[in-house]
Amino acid sequence: MKKSVFLGALTAAGLAAGAAAAGTLDDVKARGKLNCGVTTGVVGFGAPDANGEWQGFDVGVCRAVAAAVLGDASAVEFVPTTGKTRFTALASGEIDMLARNTTWTFSRDVDLKFTFVGVNYYDGQGFMVPKELGVSSATELDGATVCIQTGTTTELNLADYFRSNNISYEPVPIETNAEAQQQYLAGACDVYTTDASGLAATRSAFEDPTAHVLLPEIISKEPLGPLVRHGDNEWGDVVRWTLNALIAAEEVGINSANIGDLSAAPGNNPEINRILGTEGNLGEMLGLSADWAKNAIMAGGNYGELFEKNIGENTPVGLARGLNAQWTNGGLLYSPPFR
Amino acid sequence: MTTLTDPPKESFRLSMLIYDTRYRSTTFQVLALIAFLILIGWLISNTAQNLAELGKEPSFRFLGEPAGYDINQRLIDYDSQSPHLRAAFVGLLNTLLVAVMGCALATVLGVTIGVLRLSKNWVVAKIMTVYVEMFRNVPVLLWIVLVMAIMIETLPSPSAFRGADPEATLKVFDTVALTNRGVYVPEPLFSRSLGDLHLFGNSALNFNISLDLALLVAVLVAGLFVSGRIKHRADRIQEATGERPTTWYLRLGVVVIPVVIVLIALGFHLGYPELKGFNFAGGTHMRNSLIALWLALSLYTAAFIAEIVRAGIMAISHGQTEAAAALGLRPKRIMNLVVLPQALRVIIPPLISQYLNLTKNSSLAIAVGYMDITGTLMGITLNQTGRELETVMLGMLIYLIISLSISLVMNWYNERVKMVER
Amino acid sequence: MSDLSYVRTEMLPEQAPPATAVGIIGWMRENLFSGWFNSILTIAAVLFIYMVLSIVVPWMVSPTWEATSLANCREILAELGREGHFSGACWGVIRERWIQLLFGFYPPELYWRPILAFVLLFVALAPVLFAEYVPRKLIWFSALFPFLMPWMLWGGTVWNPIAVVAGFAIAYFVYKAVDTAVGSIAAMIAAVVAAIVWWLVLLGPVVAGLSSIIPLGFEVVESRQFGGFMLSITIGIVAIVVSLPLGVVLALGRQSDLMIVKAICVGFIEFIRGVPLITLLFVASTLLNIFLPPGTNFDIILRVIIMATLFSAAYMAEVVRGGLAALPKGQYEGADSLGLNYWQAQRLIIMPQALKISIPGIVSSFIGLFKDTTLVSIIGLLDPLGLSQGIRADANWNGIVWELYGFIALFFFVFCFGMSRYSMYLERKLQTGHR
């Protein structure tokens, strides 16, 4: 008898929650909340603070999308995911989008059936070693013990790199960055390898950051970006163009300080006007309000502001723009035109 | 006058299925079976539908594709080009390794602590109580990470052994290196090795068995067997004549001498660890992930085993000991002949379930990066191939087989030591 | 003739025992230094305690409660001349984050709800735990509490729990009505069908209707906002409460004469007990959505609770089976001789006794499950251990290890130790009751 209660309650709950057949965009609007998958904790990219507020660069993308769709940057449910759970969470519809330093690869795109909507951080896998080891190149690492974060592409890159260079190594797989840092600092591994941004962020938190060097070799391309499920192109467009709006805003000079003025009194730059919805009907085409991009930019600032606030040179993480500068400054950020 | 007639033949009615006790249980069973089959069918059809929607079809072909990742602790040959199936096999062996080591250490520790808790020495008994309560009441996962953290933070790194005046030195006559990457102990080497026996040809599950080791084990087992026969003979003589011949040197000899001869014949010597490049080379490397997992699981399980042992000893009524003493048995023989055999019967069944728990808890290896079957098949392979259904199902099946085998073996043993009641 | 026999007429005063046999010295001789082996053991043990304390105590005594970051801690300690890796603890992280470790991301203004639910839990448990001290009527509250608690934690309209309870009332009335009209077995089936129809079909619209007429309820809290110890406790309690009836059914099935039913129950129990909890959690995090109808979407915490419930149901079944096995056969025969049918016998004679014997087992299986909730950190839930990783990823506290683990371990210890002591007390009480 009690058993049937349990199953009954289950099914009831299932039916109640089971109206996910419509498009993701409609779902999000109906729900009034965006379910955004994030990491369980990477310095600068996503972690909860003391008040339970999520902060970070990837988190900023989630907030921008929520602001664009719902007009409220705080209408986000952050769903912490691990390397293992992230893809199933997205595939099963538990989250609407994943913004969790995830590398865009062929098999993830094609075989796992996800759509990467763009790149919000161009990264590459690097190595960090203590200075006292006297190593200046990754090719000198024969026989070294290497800490790697498991559940990522880094494991495969590492295996490939050492095999092609014919050097031996001892991998130490580690679940989280915090643990990896502890092992590395204690000397339980000679080298720590992960995305270069992660290395810089980790090094910045050390007692003595200058005692550690990043080796010049970058052994892989790691374009990190937000992704959505295959087959829901409308939703994919929303996320893709929200990201593009943040990038384009920096390019054309919209920031959170001047955005009020620019949208109140349309200037004579048509692209700015189109982005801010004072000209044309881009928002309508996306199925959003006219001020969608304005809301997205207001949520945390344009791409550059997000970068500076969370991982830029003035933060403890201290990353330089590098590849992530606008194409006009020699970087790779290149938003398609808003027209 | 009455005539006997057959009672009216009862025709079968549908309601009899419920109201007739002859049919009722069958009805219920059939209903239960139908409900069960519907449930299973429902789950399978859902799965098929969902997978079709995701565009995946269940297939185990990925097991034959190159894994692409490296595993640090491998008991058999493996490299990143080996297939996923072999990676799973490496993981399985690692699981079994830590489970067997854990069960052994936990038993030794648990029995010691359980006996010491009954010690008359107040301080010792209290320390053991604190130990048991401390380990029983804190989650094992926390212990695993804590032991790992302690190992990493307190032991010296290999670089501390470097230089003219190193901070750390090798222990035990310069043969054992305690580092925070693990412990390097001398390894047995054979200069006149017999080579390896290669099993299973070129399949993904092929592995080598060292013939040296096999020979040693065979000689050891044979020696133990002969020693058992000698004891048996001594018992017979004692029963017949009341005099027990002194046999200990004979029994020791048949075990030790052949083993020593074989060792010399194979050219046995030890390989010592030495610092080379970044790490120690030579010697057997027990990685800190293995040690942390092994220690934490053993310490945790030992607390439970200690309680089981204590309860088992206390369950033997004092009258048994006194009666044995009245028969003139010495304390040691009372323990061996009267108390322990009875206590074992109480101890073994819960001990089996502790072994099972330890084996299952070894799946937490993932927390310290020990590459067991959860770390390889249900960890990296799952991540890299995206085959959740197949990997998790396969992993569960493997654990189920391990658990059921342990249960079977232990139940068989339990059956043997069971008291035959009259 | 004088009496030469010498008989002492007055007693000598009693002498005090030698100083070495009484008091502290006597106790020490008896318990610590009886024989050389014992003495060595004692000295070694005392040295061991001293060594441990001499490391731990100076580390713990560290004036860093007000620190705002790890760097700040290091400064404070450096000012005191304490340098190095183990110079002192950095308690600031506990000051800043202890509320988060307790409640996760639960809205601060609603903290009273979990706290109240926790207090009410003890009220509900009182009739079971301290039966002799509380009025018997309280058992009704205990029966309602499983429906009350989810409502207090998750919020939502008050009609939800009421409607779910109403399902039982409906089942009861249907049973009564059909029982008098047709017969007891048909009534049983009708009652179950009626309840299922109510829960599956009618409950949703009825609740929606009622709440639109009388909107009464709490603010809804998503289960994603659960975290820290609250999450552990919630998973533990919900799983144990739901698994108890499931476990009873499984135990009865395992003991039953019906072969197929028995096979299904044994298969389920052995399967669940044969695989590690972590694999079941992998099922919860990656596979459960695939097994359910397309479009079904529970959030991860609900899925974890489902798997934890199934897990503990299997263990609960074994505990209850132990209780059933411990009952003397005379109880079954006595019930039969009174002419009770199977269910009446179970309800009136067997189960009350079997469950009473099983309480210590149930408590210890709860302790086990509560400890096992830490495993959810591996699939990315923010239980205390999962949160500690998040905290360590905060730039301020990056590098903290022992303080967080110590705090979490202490909390678990206090909780589990308390429960295990209670279960021991209960065991003693129950034992005397049976002799």
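Note: Cβ is positioned from N, Cα and C throughout, glycine not excepted.
Residues or ranges marked as transmembrane segment by TrEMBL: B:26-44, B:87-113, B:134-152, B:207-227, B:248-271, B:291-313, B:364-382, B:394-413. According to TrEMBL, the feature domain 'ABC transmembrane type-1' maps to B:92-410.
Residues of the same chain lying 6 or more positions beyond the ends of the transmembrane segment (B:248-271) and with a Cβ under 8 Å from any Cβ of it are 175, 186-194, 212, 215-216, 219-220, 222-224, 226-227, 230-231, 282-283. Only sequence-distant pairs (6 or more apart) were considered; of these, at least three Cβ pairs between the transmembrane segment (B:364-382) and the transmembrane segment (B:134-152) are under 8 A, so the stretches are in contact.
Beyond its flanks by at least six residues, the transmembrane segment (B:207-227) meets 76-77, 190, 193-200, 251-252, 254-256, 258-259, 262-263, 266 of its own chain at Cβ-Cβ distances under 8 Å.
Same-chain neighbours of the transmembrane segment (B:394-413): 60, 88, 92, 95-96, 99, 348, 351-352, 355-356, 359-360, 363, 373-374, 377-378, counting only residues six or more beyond its ends whose CB sits under 8 Å from a CB of the stretch.
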